[in-house]
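Chemist: The structure follows.
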Amino acid sequence: MIRLLRQTPHSPVPGPSPSRRPGEETRWQRWRAQAGPWAGLIALCLVLFLPGMMTLPPFDRDEARFAQASRQMIESGDYIRISFQHEPRNKKPIGIYWAQAASAHLFGGKDAPIGAYRLPSMLAAMAAVLLLFAGLRRQTDPATAFLAASLLAATLLTVVEAHLAKTDASLLACTVGALMALLRAYRPLDGETALPLRYVALFWGALGAAILVKGPVVPMVVGATILALGFSDKAWAWLKRLRPVLGLPLTVLIVAPWTLAILSQPGSGSATAGGNFFVDAIRGDLLPKLVGSQEGHGAPPGFYLALLAVTFFPGTLLLIPAARAAWRERFDPLVRFALAWVLPSWLLFELIPTKLPHYVLPLYPALALLVARFAATAAAESIGHWSARLSQALWALVALVLAAVTVALGLYFDQELNPIALIGAAIFVIGAGLTLRWIWRGSAAHALVTAVTVVALGYGVLLSAVLPASSGFFLSRGLAAMAESLHPGARLAAAGYAEPSLVFLTETTTRLTDAETAAQLLADRQVDLALIGDRDITKFRAAADAAGLTVDALAIERGFNYSKGRWVTVTFFRRAA
């Protein structure tokens, strides 16, 4: 990577070594120049995305719901309708469920571990990184393209989504694919009169895949980018290069089969009827997010900007000076495109009442481009400006917070110090010092490379050895293991702790219910064990007495329910002998 950074677009190719034949030297140089960056990016992605992929238990609630719904497709053989247990999951289209089910089939089918369901997200995140590099390497110099792709891979939000079996990593890949094709149409290469057919297919194919994954999000980002460019340039003719007459049928071809299949589902008036999927998805999921704070996830405008120092880490090292430089250079076509990608969609996301940190992930590739462009060209004085110092201070603060969190995880959730956590914390602290040393020496590019390396090592320790070792943080894992040890293959009912991860880690038939129903199910011998949270113990015992049921308390598990932000003590009950 360092060698790549030393090159400029016009750097001469070194001559052949006298000890080698010219042909051999040229072939090696050509391979290194062409394949080296690709191999480096793939290796970086593996280092960032693989740790914890198989060892981290499913997270609540979205990941567990997605993975469980995909597993139920395998169990039922129904690959058209989406359900979590007996409830239709009419929220997102089918794309991610098909990808997860296909991956799970490769790793044991319905018995596949959670890592199998995460594999599509990991591959999608890698695809986003490689697509960004592929799209930029002929639009700018190789160092900038490589830095931008590396930064996108190492961004905290990208790493998180690559580890989760949900839609957002796939959506990122679709966004990068569509926007890189749009960039080629907006800024064709010298002598290019028509957009190559592969870019036409990439644009319309990515739109189709994005709709099948998460509905209108990527079309909205693409549309906002096009409108911003069109109105700012007062030019629209370049859009003809996208060849919509040829490309739009490809989008329809991708989306139509499942749409027709779900519309043809029988059961008029039922929740699983075809037309009801779209009614529920729009009325029950999309519109509530647009007009109110759905499921308590509301926040005022400025929410995403306030979180940017953390979610875009380590790119925040140079983000503020990069933003200043981008505004000064806004008439440069590449910078203009990146700003059109970010600004209008960011404003829309800030105005939508429902907010979650990952919603703005499709805009991060453009931020990565702007930061990489600044890093590759910044003069020493530009990274000494007060705005740059502010950016560096925020970055150092986040690095120290990550170090503290790495150590605090075991202390808080398990009341013990994980020795490996000290290694992770040391990586973040020492790495922060090395990164800032490059800044003080006036080398923004080397500082960014160091920052990416630091987070790759630090995240690796955190995700592979620290977080998976926490029993208090992953209560469902402990409950599933305890249930299996008490009564292998037990039928379960849970009250007072109703997280989807418990269903995924046990059986689809696990009942998430209330205390009274759990007691009745145990009395009727429909379940073998009842798992009752501490706040529901009194209700459960009263219901058991009313049903004439005598119960034995077998074991207790305690852990942190992060979905509700409180500690929970769960007691295992069975019918008395």
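Note: Cβ is positioned from N, Cα and C throughout, glycine not excepted.
Curation plays no part in TrEMBL annotations; they are all automatic predictions.
Pulled these features from TrEMBL for this protein:
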type	residues	note
REGION	1-26	region 'Disordered'
TRANSMEM	38-56	transmembrane segment
DOMAIN	91-258	domain 'Glycosyltransferase RgtA/B/C/D-like'
TRANSMEM	116-136	transmembrane segment
TRANSMEM	142-162	transmembrane segment
TRANSMEM	199-232	transmembrane segment
TRANSMEM	244-263	transmembrane segment
TRANSMEM	303-322	transmembrane segment
TRANSMEM	334-353	transmembrane segment
TRANSMEM	359-380	transmembrane segment
TRANSMEM	392-413	transmembrane segment
TRANSMEM	419-440	transmembrane segment
TRANSMEM	447-467	transmembrane segment
Chemist: May I ask whether the transmembrane segment (199-232) has at least three C-beta pairs under 8 Å with the transmembrane segment (447-467), counting pairs 6 or more apart in sequence?
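Modeler: Contact criterion not met.
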Chemist: Using a Cβ cut-off of under 8 Å, list the residues of the same chain at least 6 residues beyond the transmembrane segment (419-440) that approach it.
Modeler: 314, 317, 383, 392, 395-396, 399-400, 402-404, 406-407, 409-410, 446-447, 450-451, 453-455, 457-458, 461-462, 465-466, 469
Chemist: Using a Cβ cut-off under 8 Å, which residues of the same chain at least 6 positions beyond either end of the transmembrane segment (334-353) come close to it?
Modeler: 139-140, 179, 183, 186-187, 220-221, 224-225, 227-229, 232-233, 289-293, 298, 301-305, 326-327, 359-360, 362-363, 365-367, 369-370, 373
Chemist: Out of 116-136, 142-162, 199-232, 244-263, 359-380, what stretch is closest in contact terms to the transmembrane segment (303-322), meaning most Cβ pairs under 8 angstroms?
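Modeler: Highest pair count goes to 359-380.
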Chemist: Take every residue in the domain 'Glycosyltransferase RgtA/B/C/D-like' (91-258), average their pLDDT values, and give the whole-number result.
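Modeler: For the domain 'Glycosyltransferase RgtA/B/C/D-like' (91-258), the model's average pLDDT rounds to 97.
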Chemist: Can you find at least 3 Cβ pairs under 8 Å between the transmembrane segment (244-263) and the transmembrane segment (359-380), where each pair is 6 or more residues apart in sequence?
Modeler: no
Chemist: For the transmembrane segment (199-232), I need the partner stretch with the highest count of C-beta pairs below 8 angstroms, choosing only from 116-136, 142-162, 359-380, 392-413.
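Modeler: The stretch with the most contacts is 359-380.
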Chemist: With a cut-off of 8 Å between Cβ atoms, can you find at least three pairs linking the transmembrane segment (142-162) to the transmembrane segment (392-413)? Only pairs 6 or more residues apart in sequence count.
Modeler: no
Chemist: Take the transmembrane segment (38-56) and find every residue of the same chain, 6 or more past its ends, with a Cβ under 8 Å from one of its Cβ atoms.
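Modeler: Sequence-distant neighbours of the transmembrane segment (38-56): 1, 113-115, 118-119, 122, 125-126, 129-130, 133, 146, 149-150, 153-154, 159, 162-163, 452, 455-456, 459-460, 463-464, 467-468.
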